[in-house]
Every structure is written in C-alpha cells, then in structure tokens.
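Participant: Take a look at this one; I'll ask things after.
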Amino acid sequence: MQTTSWLEIAVEVDPEAVETVSEILARYGYNGGVVVEQSWIAGDEGPEFQYDPNRPVWLRTYLPLDAQAEETRQQIEHALWHVHQIRPLGPIQTRTLAEEDWANAWKQFYPVLRVGERTVIVPSWLEYQPQPNDVVLLLDPGMAFGTGLHPTTRLCLHLLERLVQPGQQVLDLGTGSGILAIAAAKLGAGQVLALDNDPIAVRVAHENVERNQVQDLVTVAEGSLGAGQAMGHWLSGDFGPETPDPTLHDNTPQATFDLIAANLIAKVLVLLAPDLATALKPGGLLISSGIIDVKEAEVVAAFAAVGLQQIERHVEGEWVALVHRRPQ
C-alpha cells in the first residue's frame, strides 16, 4: 500500500491579514483546509482560553506531494507575494509530513474554548468535564471554516446565546463546520437548516451534527438562497465568470425563519440582502457577521434598502457583527 506524503506550507501574519491569507491558502490547499494557529491566554480555572489579539497568527495548509505540488506551491508563493506588498507577512515555511503525521498535525492547534457565558467548544479528540449550564459543542472541524477560533464565529455564538428562543425556525447560511447550527439546536431552536455551497463543508457539518446528536433538529444541505445559488464556494473568493444577477430570488423561501445566522463576507451579504429579508418572518432577526470594518457601511446600506432595521452592532478587533429585524 502506497503511503502519501504531504507538504505543509506555513506563514506568520498579523491578525488583520488572517482573512486575506486564509482565502489564498483555502483556494490551493487540500480540501480547502486552513489551520489557524492563534496565541491563547490560559484561564484561571480549567481548560478555558482567551485569544490574544495582539500577537501574530500562524496559518498552515497542506498539499499532497504529487505531480502538481510544486506548481501549486509556486502559485501560493506568487499570491502571497502580492499580499506582502500591502501587508507584512513572515517568510513562507515548508516541511514534508508522512500520512500519519499529517492526519494529526492540525489538531494540536485547537484547545477547549469557552465562548460567551455558556457555550464551550470541545475538539472531539479531547475530554472536558462540563460545568452546570454549559452548552457543549463537540467539534471536529476537519480543517473546515468555523471552529470558534475566528472572531466572526465568536461574535455569532455570543449573539446566538442571547437571541435563540425555544422552538424557533433557524437558518445557518454558510454553515462551514456546522458550529452555529449545532449551537442554535442546543440552545433550544425547534428546527435548524444549515446550508453551504461547499460540498466539503457540508460533509464535515453532517459529521459534526451527528457527533452532537442533534440530527433530529438540524438539516444540513448543499445550497444557498436565491442569488447565492450561482456563486460556488464563497469563502474561496471565486464567484464564477460573472457576478450573479441580484434580482434572481426564485429559490428563496418566503417568511420561513425566525432567526438567520449569516457568517459570510460583506460582498456576499450585500448580494443576498433581498433574499435574507424575504426569508425572514415578520419580526424575525438576522445575525450577520464576517464583516470587516471598512465594508460595514456597504452592508448597512444594502440591508436598509430592503427594509431591515438595525438593532445591534458588535465589534471584535476589525470584525463587525450586526443584528437586524424585519418589521412586523
């Protein structure tokens, strides 16, 4: 039996460059996987951590050492060279890993993480003794986006803790690892629909839903709303040859959801604003995140144009999360 070797590509970046460099590595890395190695400050009690936003972040991706590996490595280096012209990056580091080393290399970077008052994210390979009232999310990210480590995910989890009400119909759009959908279910939602245009993310989300035993509450499917159907995997930045027509909303459910969590990026939120408004029930709430501060005004304007009312704004570093309500 032939054993596959892997090429690890790693680069140290400032926190503000994490999103840009992650998109590049996801575009070329195996299964779109990117490991985010952040600095953590240990809590006073138990395995609880806080992210240190003042220190650089290591990003890693992996390539199978096949005939295309060298060409792909050069493409990554070329793309990162362009980023380096506008943001500081550390030198690119590479190393070769055997199959068994690669399979576990990324797991060391995920600690048990408390987010908000009740939510605790526990990697599936670690043990954790829950405290009273803890909402435990067992997560194997499989190198898919949505581990709870990124500020945008943490902002959403904080809001879900407070906004999810018993029996609600919830949509998690761009579910990634399924973390927000699982959290909504465990916080009391009646039914949750988790959508993603990336088939790898859909598979990982399915596995995590079953791992958390919420498959009776959470439906995972490949897809998006209306105009998002034509986009492909939005996290890669590849929207296809043309921008989808924002007037195409035939696939958007009408007034279906009490709560929508859309942890995407600003330009996708702007494009999907009409679909998001249509999918909300009157009085329903939209949590939008993945918004870098310089793009916030565009999102606010797009949501206002479709009649959504902003009721909350939350910030972590350069990232913004908003809460909007559809009028009654």
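Glycine is no exception: its Cβ is also placed from the backbone N, Cα and C atoms.
Residues annotated as S-adenosyl-L-methionine binding site in Swiss-Prot: Thr153, Gly174, Asp196, Asn263.
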Participant: Please report the number of other Cβ atoms within 10 Å of the Cβ of Thr153 (S-adenosyl-L-methionine binding site).
Facilitator: 25
Participant: What kind of secondary structure is Asn263 (S-adenosyl-L-methionine binding site) part of, going by DSSP in three states?
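Facilitator: The three-state answer is strand.
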Participant: Are there residues of the same chain, six or more positions away from Asp196 (S-adenosyl-L-methionine binding site), whose CB falls under 8 angstroms from its CB, and which are they?
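Facilitator: Result: Gly174, Thr175, Gly176, Val202, Ala205, Val220, Glu222, Gly223.
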Participant: Can you give the largest Cα to Cα distance in Å, as a whole number, for the residues Thr153, Gly174, Asp196, Asn263 that bind S-adenosyl-L-methionine in the record?
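Facilitator: That value is 15 Å for the farthest Cα pair.
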